[in-house]
Amino acid sequence: MNENIAEKFRADGVARPNWSAVFAVAFCVACLITVEFLPVSLLTPMAQDLGISEGIAGQSVTVTAFVAMFSSLFITQIIQATDRRYIVILFAVLLTASCLMVSFANSFTLLLLGRACLGLALGGFWAMSASLTMRLVPARTVPKALSVIFGAVSIALVIAAPLGSFLGGIIGWRNVFNAAAVMGVLCVIWVVKSLPSLPGEPSHQKQNMFSLLQRPGVMAGMIAIFMSFAGQFAFFTYIRPVYMNLAGFDVDGLTLVLLSFGIASFVGTSFSSYVLKRSVKLALAGAPLLLALSALTLIVWGSDKTVAAVIAIIWGLAFALVPVGWSTWITRSLADQAEKAGSIQVAVIQLANTCGAAVGGYALDNFGLLSPLALSGCLMLLTALVVAAKVRITPMS
């Protein structure tokens, strides 16, 4: 019965892709991600200006992720049948307001309030991203549209920290957030002009969010999502100490490694649609398997700089398939409840990021330099096995 509902949902979809709207969504996502990570490169001047420690100032990033987790879980319950066009506009307005609140903050409390506004927009937008995409393009074009959106994410992740640091040294951290507010205004304008009316879920289709986990293969999928992102953050959060102490990179060398990783991630995202068109399941199982082998390679031969640098590139290419692949899985296998599935997915990812970084840090402190790599490799291998054995992928109609 669920398959029939999904087929009907696809049949009622759009006939021609609305690429202007897709790029508007991608631009909004890029702006949200950029603003999320701006404080990482501006912590010192922010802390000095507000009279707080850098550790306290760093909580401006934590509060955004924390609010985003709850926003993603409850946003679909709150907005119900509201036209999604207005909701996306609201998120763009919240992005702009967040930047202005941070820019004019004269206290830590106002700073956190501004960053909480960003978390509301970030979590809500991510929860709706898959369902928005599948309503803007035909089913056959969804992987390509998702690769555009996640390509924007890759670009934002690459440029956010260095751009913030560069501009902060020239115009000051407050004006960096003022410039980000201008980007928010551009988001509002672009969304207003390009995004069509997207009515909310009819009342007869409403279903408890967590009842989706009872569908065959869905719980396994969410477990696989958790393990893959936890595995990523268990290692990548500590890539600096691992690469500097294991492979002997200096700061400049590490910068080049991270830049190579970012470029590889962008390339992987850009070409992900071609892989996913052939087999979503192969991509979702193959990518973590390749990452598990990469972790093993680093453990055995990571002291060689060339090997370590190549593995960073392979890691960026392979992991790029993971977020696009799981969003594609939602649009294929949970098409009739894509918003609610997206809400659970984003919450799972946020929790996985937190747990992966925390456990990876504990392992690094207590079991040595290679332990985050070993933890990451084990989680990636388990992900591949769960996907191969338990996750179901609905064929594209």
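First residue shown is number 1, and so on along the chain.
Each Cβ is built from the backbone N, Cα and C atoms, and glycine gets one as well.
Here Swiss-Prot flags 1-21 (among others) as topological domain 'Cytoplasmic'.
Only residues 6 or more beyond the boundaries of the transmembrane segment (22-42), in the same chain, are considered here, and those with a CB under 8 A from a CB of the stretch are 57-58, 60-61, 64, 88, 91-92, 95, 98-99, 115, 118, 121-122, 125-126, 129, 132-133, 136-137, 145, 148-149, 151-153, 155-157, 159-165, 168, 173, 176-177, 180, 183-184, 186-187, 190-191, 193-195. Annotated transmembrane segment per Swiss-Prot: 22-42 (among others), in sequence order.
According to Swiss-Prot, the feature topological domain 'Periplasmic' maps to 43-54 (among others). Taking H, G and I as helix, E and B as strand and the rest as coil, DSSP gives the topological domain 'Periplasmic' (43-54) the counts 9 helix, 0 strand, 3 coil.
Long-range contacts of the transmembrane segment (55-75) within the same chain: residues 36-37, 39-40, 43, 46-47, 102, 108, 111-112, 115-116, 118-124, 126-128, 209, 342-344, 346-347, 350-351, 353-354, each at least 6 residues beyond the stretch ends and with a Cβ under 8 Å from a Cβ of the stretch. According to Swiss-Prot, the transmembrane segment annotation covers 55-75 (among others).
Across the topological domain 'Cytoplasmic' (76-85), DSSP assigns 6 helix, 0 strand, 4 coil. Under the heading topological domain 'Cytoplasmic', Swiss-Prot lists 76-85 (among others), citing sequence analysis as support.
Same-chain residues lying 6+ beyond the ends of the transmembrane segment (86-106) with a Cβ under 8 Å from its Cβ atoms: 25, 28, 31-32, 35, 50, 60, 79, 113-115, 117-118, 120-121, 124-125, 128, 132, 174-175, 177-178, 180-181, 184-185, 187-188, 191-192, 195. Annotation source Swiss-Prot lists transmembrane segment at 86-106 (among others).
Per Swiss-Prot, the feature transmembrane segment maps to 108-128 (among others); the stated evidence is sequence analysis. Sequence-distant neighbours of the transmembrane segment (108-128) (same chain, 6+ residues past either end, Cβ-Cβ under 8 Å): 28-29, 32, 35-36, 39, 46, 50, 52, 56-57, 59-61, 63-73, 75-76, 84, 87-88, 91-92, 94-95, 97-102, 339, 342-343, 345-346, 350.
Residues or ranges marked as topological domain 'Cytoplasmic' by Swiss-Prot on the basis of sequence analysis: 129-147 (among others). Mean pLDDT for the topological domain 'Cytoplasmic' (129-147) in this predicted model: 85.
Within the chain, the transmembrane segment (148-168) has long-range Cβ neighbours (under 8 A, six or more residues past its boundaries) at 22-23, 25-27, 29-31, 33-34, 36-42, 45, 129, 133, 175-176, 179, 259, 262-263, 265-266, 269-270, 272, 320, 323-324, 327. Look at Swiss-Prot and you will find 148-168 (among others) tagged as transmembrane segment.
Counting only same-chain residues 6+ beyond the ends of the topological domain 'Periplasmic' (169-175), those with a CB under 8 A from a CB of the stretch are 42, 45-46, 49, 103-104. The topological domain 'Periplasmic' annotation in Swiss-Prot covers 169-175 (among others) and rests on sequence analysis.
According to Swiss-Prot, the transmembrane segment annotation covers 176-196 (among others).
Annotation comment: Swiss-Prot describes 197-215 (among others) as topological domain 'Cytoplasmic', evidence class sequence analysis.
Annotation comment: Swiss-Prot describes 216-236 (among others) as transmembrane segment. Tertiary proximity for the transmembrane segment (216-236) is limited to same-chain residues at least six positions away from its ends with a CB under 8 Å from its CB atoms, namely 242, 284, 288, 291, 295, 315, 319, 322, 326, 329, 333-334, 341, 344-345, 348-349, 351-353, 355-357, 359-360, 363, 372-373, 375-380, 382-383, 386-387, 389-392.
Annotated topological domain 'Periplasmic' per Swiss-Prot: 237-255 (among others), in sequence order.
Residues or ranges marked as transmembrane segment in Swiss-Prot: 256-276 (among others).
Per Swiss-Prot, the feature topological domain 'Cytoplasmic' maps to 277-281 (among others); the stated evidence is sequence analysis.
Cβ atoms under 8 Å from those of the transmembrane segment (306-326) belong to residues 143, 146-147, 150, 153-154, 221, 225, 228-229, 232, 236, 239, 243, 246-247, 249, 256-258, 260-269, 272-273, 275-276, 280, 283-284, 286-288, 290-291, 294, 297-298, 345 of the same chain, restricted to positions at least 6 beyond its ends. Sequence-distant contacts of the topological domain 'Cytoplasmic' (277-281) (same chain, at least 6 residues past either end, Cβ-Cβ under 8 Å): 143, 325, 328-329, 332, 387-388, 391, 393.
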